[in-house]
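Read through the structure below, which is laid out as structure tokens, and then see the notes.
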Amino acid sequence: MAHPSQLGFQDAASPVMEELLHFHDHTLMIVFLISTLVLYIIVAMVVTKLTDKLILDSQEIEIIWTLLPAIILILIALPSLRILYLMDEINDPHLTIKAMGHQWYWSYEYTDYEDLGFDSYMIPTQDLTPGQFRLLETDHRMVIPVESPVRILVSADDVLHSWAVPCLGIKMDAVPGRLNQTAFITSRPGVFYGQCSEICGANHSFMPIVVEAVRLEHFENWSSMMLEDT
């Protein structure tokens, strides 16, 4: 959960998000080094009046400033491609959930169960209880088992939406008439918040997403209770 004046990312709750955080730190360090070098060169050019013909016309320096950017781009591209392939892998999910975007709420359908589905609306501010977050809490949470591969099928009923949970490293567009899929594994129990990340209309910012990761036995009890209610 993000907090005021936070500068970095939220704490990772999935292996993919941990990889994204490592890649962010890796790339940011390269950017810092490049910025420091460029700043040093600019300052040196401003404060010194000395010139050297060997520097002004040097094939060795031209080779260096041609190869060095190429090496830097490779150091950035290879980890990026690795994470892209990791995010695209879906290996034998234990649970499949269909998330459908509507104006302006989400509906969830647990496709492995016969009649397990519900709509998830944002709780109005006046109905919040102590400890709940304004504009982020929903009346029904998407409950999943922890440390289990979960596949999410994302689509929309009316306009473009986007199902995004930063802690899990998930952001998938919900397109009407198209079924997109992604997968994730939660590494720890907890409640993770997200919002629709597509400008889908007047109430775009009032489509919260709440994912609750629980132990397997608690998930089984929850699913049994939900099936009894339906």
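Just so it is clear, glycine is given a Cβ too, placed from its N, Cα and C backbone atoms.
Quick caveat, the model's predicted, so the values are computed rather than measured.
Listed in TrEMBL for this protein:
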| type | residues | note |
| --- | --- | --- |
| DOMAIN | 1-91 | domain 'Cytochrome oxidase subunit II transmembrane region profile' |
| DOMAIN | 92-225 | domain 'Cytochrome oxidase subunit II copper A binding' |
| TRANSMEM | 27-51 | transmembrane segment |
| TRANSMEM | 63-85 | transmembrane segment |
Ask   = Is the transmembrane segment (27-51) packed against any residues at least 6 beyond its ends, judged by a Cβ distance under 8 Å, and which are they?
value = 72, 75-76
Inquiry  = Please count the residues of the domain 'Cytochrome oxidase subunit II transmembrane region profile' (1-91) that DSSP assigns to helix (H, G, I), strand (E, B) and coil.
reply    = 67 helix, 0 strand, 24 coil
Note = Taking DSSP H, G, I as helix and E, B as strand, the domain 'Cytochrome oxidase subunit II copper A binding' (92-225) contains 19 helix, 61 strand, 54 coil
